[in-house]
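Engineer: Before anything else, here's the structure in question.
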Amino acid sequence: MNSILDRNVRSSETTLIKPESEFDNWLSDENDGASHINVNKDSSSVLSASSSTWFEPLENIISSASSSSIGSPIEDQFISSNNEESALFPTDQFFSNPSSYSHSPEVSSSIKREEDDNALSLADFEPASLQLMPNMINTDNNDDSTPLKNEIELNDSFIKTNLDAKETKKRAPRKRLTPFQKQAHNKIEKRYRININTKIARLQQIIPWVASEQTAFEVGDSVKKQDEDGAETAATTPLPSAAATSTKLNKSMILEKAVDYILYLQNNERLYEMEVQRLKSEIDTLKQDQK
């Protein structure tokens, strides 16, 4: 029994303890298998990267390429160039992955800093005319329509002030005249009215069929004297009942009679011209008969 146990122990020790040459061979076989597996992984990763769609994020491509332990020099150069570009341009990851727009504090802070820098640069290059009018300067770079709105508001306010000034001028209370000024104003108006009335009364005296009639308005002293002289002559000569009971003439009636008289004179002038032409033709015929 003891001999059997000794044999089993020896056989197990022989199986566990291997020679050094066999151990080296086994280690080389393991390394070859691992390298073969890594090469297969690299080839599969390259194929998957080449077959990926155009919108695949750049992070996945870089991570798949960097996960391989053994690769070709071209792949290493490609990976290093991608790493350099990602270091120089960190916003590529931002644009490649739209879901990271709201979860990237670094990018948002950089954008805010750029906007602040742009605002400062625009403020430095503003002309003096805009600096004198702060209401027309746009503080928000995104809203381009506010300067136009401010300009329109300024124009509207200017127009409103002008209209208000005109209304106040029109609505200004009229100055009240003193009693002396009122009396002088009334005298001037009366004199102006009497001058017009006297001219119309003289026109009435020219018209033969209304010259002897009385007027219904006030006239000057010169016309009154002539009316008195005409009244004395009319008293000596009796007038018919129709003329005695006739109403006084107003200004419109006198002007109407004046127009009728002018037309009457024009017609008479044409008739006289025709008569003159007829007489001239008769004289010419008589001279020819005498010859």
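A Cβ is built for glycine as well, from the same backbone N, Cα and C atoms used for every other residue.
What Swiss-Prot records for His185, Glu189, Arg193 is DNA binding site, and it gives experimental evidence as the kind of evidence. Annotation source Swiss-Prot lists compositional bias 'Low complexity' at 96-109, 233-245. The domain 'bHLH' annotation in Swiss-Prot covers 180-265, and the record cites sequence analysis as its basis. According to Swiss-Prot, the phosphoserine annotation covers Ser104, on the basis of a large-scale study or a structure entry. Here Swiss-Prot flags Thr237 as phosphothreonine, drawing on a large-scale study or a structure entry. If you look up Swiss-Prot, you'll see 89-109, 221-245 marked as region 'Disordered'.
So that I understand the layout, could you describe where these features sit and how close they are to other parts?
Structural biologist: The DSSP secondary structure for Glu189 (DNA binding site) is helix.
Mean model confidence for the domain 'bHLH' (180-265) is a pLDDT of 78.
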Engineer: I want the residues beyond His185, Glu189, Arg193 whose C-beta is within 8 angstroms of the mean position of the DNA site's C-beta atoms, in chain order.
Structural biologist: Asn186, Lys187, Ile188, Lys190, Arg191, Tyr192
